[in-house]
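Peer 1: One structure is given below, represented as structure tokens, and several questions about it will come after.
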Amino acid sequence: MAAGGSTQQRRREMAAASAAAISGAGRCRLSKIGATRRPPPARVRVAVRLRPFVDGTAGASDPPCVRGMDSCSLEIANWRNHQETLKYQFDAFYGERSTQQDIYAGSVQPILRHLLEGQNASVLAYGPTGAGKTHTMLGSPEQPGVIPRALMDLLQLTREEGAEGRPWALSVTMSYLEIYQEKVLDLLDPASGDLVIREDCRGNILIPGLSQKPISSFADFERHFLPASRNRTVGATRLNQRSSRSHAVLLVKVDQRERLAPFRQREGKLYLIDLAGSEDNRRTGNKGLRLKESGAINTSLFVLGKVVDALNQGLPRVPYRDSKLTRLLQDSLGGSAHSILIANIAPERRFYLDTVSALNFAARSKEVINRPFTNESLQPHALGPVKLSQKELLGPPEAKRARGPEEEEIGSPEPMAAPASASQKLSPLQKLSSMDPAMLERLLSLDRLLASQGSQGAPLLSTPKRERMVLMKTVEEKDLEIERLKTKQKELEAKMLAQKAEEKENHCPTMLRPLSHRTVTGAKPLKKAVVMPLQLIQEQAASPNAEIHILKNKGRKRKLESLDALEPEEKAEDCWELQISPELLAHGRQKILDLLNEGSARDLRSLQRIGPKKAQLIVGWRELHGPFSQVEDLERVEGITGKQMESFLKANILGLAAGQRCGAS
């Protein structure tokens with residue numbers, strides 16, 4: 001009893017230690033299937049930078065059209081009423097005396113810490129052409145911009161956090177691309193051609209085939225970035241001698257891997273985006289290729305505005321796919337990134353409309369809500385110890401066993417009764433790491449019950465060996481049953497086909513004969529009557545000696561067209577034809593001619609196909625040229641064509657003939 005109590009105590013202690021040791025692994029396993037920690041929603045932060053007057057600019061002595069009020073607000077003249085000003089409120093405002101360090105430290109540097117938490121961040125430079133976007137992002141050797149400052153600080157952070165002795169190992173990679181005329185081009189590998197933008201099952205935007213360069217120091221970054229920057233497309237316009245003709249995107253990825261259990265891994269992305277500026281082709285003087293480039297830039301920026309409006313209005317469809325720029329910015333606007341928009345504006349009055357447009361876009365963008373999250377997953381090799389322990393539970397290979405057939409069939413209970421190594425006891429509990437302590441206690445009770453039964457010599461039917469054998473036997477039986485069913489189905493199908501063929505032979509012998517021996521037994525065709533205008537009816541009571549015969553039965557024989565064309569049989573077929581007496585036709589013509597020569601315009605309208613206009617034409621022609629000599633002279637009237645004349649005769653002569661026939665009857 002004492003030994004049994006000590007064994008139970010050891011098992012209880014091992015269960016508690018196992019639950020505490022692998023609780024983190026259970027959480028990581030949940031994160032692998034999408035259970036990520038989500039921080040609260042984050043609004044897109046907007047900063048506005050006012051560049052100084054450019055040297056040599058005409059009208060530099062004039063007062064600027066924009067004026068800063070404090071560190072977060074500015075005002076601009078109202079073009080509708082010059083006595084008023086429009087005020088804008090943003091997260092930050094940097095005047096014309098602000099430096100590159102002020103902008104970086106105030107707006108960009110605070111979001112870098114999110115990368116080490118496995119979250120995404122984005123920095124976008126927006127504004128019209130010549131407003132200083134590229135200077136803000138790249139800068140100069142004397143005044144470095146956002147990109148070199150961010151990379152320098154980020155690499156320093158990764159070196160500190162990934163140093164020896166720290167729980168995480170960090171690595172940094174970079175990619176650099178441009179969107180030129182709706183084509184995604186790799187600036188690190190210009191020969192790669194147009195790349196496609198994809199979306200994985202978790203909604204992450206990726207570009208297959210995009211180059212990724214590992215960097216561990218700022219020197220590594222410069223070695224890759226400087227040659228790639230020279231590959232970006234630039235051109236000269238009237239407003240800017242080095243105008244960016246494409247949108248440039250620098251993607252920096254930070255991978256983190258935990259050195260200790262539960263061996264988690266994180267991935268954070270930093271998007272540094274230099275957007276091309278919107279252009280007014282009337283002022284830039286773009287022609288040819290420059291005009292085509294300007295059209296592509298303005299179109300993508302217009303779609304960007306539509307995306308912002310759709311997000312603010314809560315529309316069910318956000319047009320990310322209408323442009324490759326918005327498709328790539330899906331994480332930055334309304335996605336999972338901490339985003340900062342730097343709107344660059346110019347103080348000159350000639351850029352007033354562009355400045356107002358940029359400020360309105362910035363004001364709409366600050367209403368966009370992003371939902372960042374920490375993307376954690378479990379490293380693949382973290383599941384290795386669990387798999388090894390499961391293999392150990394299956395026992396040694398068959399070749400190393402020296403047991404009889406009875407032991408191999410039933411299994412030995414000794415390994416379950418005696419305490420084994422710690423790994424063998426911990427591995428079953430690792431599967432249950434997500435359960436609460438009460439459930440673990442119940443499983444321990446069941447384990448004790450099974451152990452007590454095993455110690456009494458009862459066969460353990462739940463051993464892995466037994467389970468495999470029973471499962472294999474069940475699978476073999478199911479396979480045999482399936483084969484028998486398939487064979488039986490084929491026999492039934494063959495029998496049904498034979499029955500159908502026999503029924504066709506018995507009930508449809510003519511269908512199985514050759515075509516040349518088939519006999520045509522068609523029914524006698526019905527008589528057909530040709531119904532002419534005014535429903536001409538055959539008068540059965542008419543006298544055979546009558547002067548006018550409207551219908552006459554005319555019989556003629558036709559050959560039946562058989563399928564094989566071999567039967568010489570001929571069938572007589574009766575049909576009805578319309579035959580009008582010449583006297584009736586002459587009488588109808590004369591009556592129409594009298595009406596044309598003597599009738600008024602109202603009388604003429606009683607004729608078919610004659611309306612008020614044609615009646616007036618007939619009366620006028622008759623007054624000028626005299627009476628008609630024949631009905632066909634009606635075609636000489638101006639406005640009556642030959643086709644109209646034929647239609648007139650058919651409609652009126654037959655109608656009058658039928659009317660006279662009915663009157664005679």
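Glycine is no exception: its Cβ is also placed from the backbone N, Cα and C atoms.
Heads up, here are the entries from Swiss-Prot:
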{"type": "DOMAIN", "residues": "43-368", "note": "domain 'Kinesin motor'"}
{"type": "BINDING", "residues": "G127, P128, T129, G130, A131, G132, K133, T134", "note": "ATP binding site"}
{"type": "REGION", "residues": "379-428", "note": "region 'Disordered'"}
{"type": "MOD_RES", "residues": "S412", "note": "phosphoserine"}
{"type": "COMPBIAS", "residues": "412-428", "note": "compositional bias 'Low complexity'"}
{"type": "MOD_RES", "residues": "S427", "note": "phosphoserine"}
{"type": "MOD_RES", "residues": "S452", "note": "phosphoserine"}
{"type": "CROSSLNK", "residues": "K465", "note": "SUMO2 cross-link"}
{"type": "COILED", "residues": "465-508", "note": "coiled coil"}
{"type": "MOD_RES", "residues": "S543", "note": "phosphoserine"}
{"type": "MOD_RES", "residues": "S562", "note": "phosphoserine"}
{"type": "MOD_RES", "residues": "S581", "note": "phosphoserine"}
Peer 1: Within the same chain, and leaving aside G127, P128, T129, G130, A131, G132, K133, T134, name every residue whose CB is within 8 angstroms of the centroid of the CB atoms belonging to the recorded ATP site, in sequence order.
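Peer 2: Sorted by sequence, the hits are R51, N240, G277, N344, A346.
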Peer 1: Restricting to the same chain and to sequence separations of six or more, state which residues have a Cβ under 8 Å from that of G132 (ATP binding site).
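Peer 2: The answer is R49, R51, N344, A346.
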Peer 1: What's the number of neighbouring CB atoms sitting within 10 A of the CB on K133 (ATP binding site)?
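Peer 2: Taking all protein chains shown, K133 (ATP binding site) has 27 Cβ neighbours within 10 Å.
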Peer 1: Limited to the domain 'Kinesin motor' (43-368), I'd like the whole-number average of pLDDT.
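Peer 2: Reported value for the domain 'Kinesin motor' (43-368) is a mean pLDDT of 90.
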Peer 1: Measure from the CA atom of S581 (phosphoserine) to the CA atom of G127 (ATP binding site) and give the result in Å, rounded to a whole number.
Peer 2: 93
Peer 1: Around A131 (ATP binding site), which residues of its chain at least 6 apart sit with Cβ under 8 Å of its Cβ?
Peer 2: R51, G277, N344, I345, A346, F351, D354, A358
Peer 1: Since the record lists G127, G130 as binding-site residues, which of them has the fewest other Cβ atoms within 10 Å of its Cβ?
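Peer 2: Relative to the other binding-site residues in G127, G130, G130 has the fewest Cβ atoms within 10 Å.
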Peer 1: Any idea which of the recorded positions T129, T134, S581 has the thinnest Cβ neighbourhood at 10 Å?
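Peer 2: So among T129, T134, S581, the recorded positions given, the one with the fewest Cβ atoms within 10 Å is S581.
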Peer 1: List every residue in the same chain as P128 (ATP binding site), at least 6 positions away in sequence, whose Cβ is under 8 Å from its Cβ.
Peer 2: G277, S278, E279, I345, A346, F351, D354, T355, S357, A358
Peer 1: Find the shortest Cα-Cα separation between S581 (phosphoserine) and the binding-site residues T129, G130, T134, and name the residue that gives it.
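Peer 2: Closest recorded candidate to S581 (phosphoserine) by Cα: T129.
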Peer 1: Three states by DSSP: which one describes P128 (ATP binding site)?
Peer 2: strand
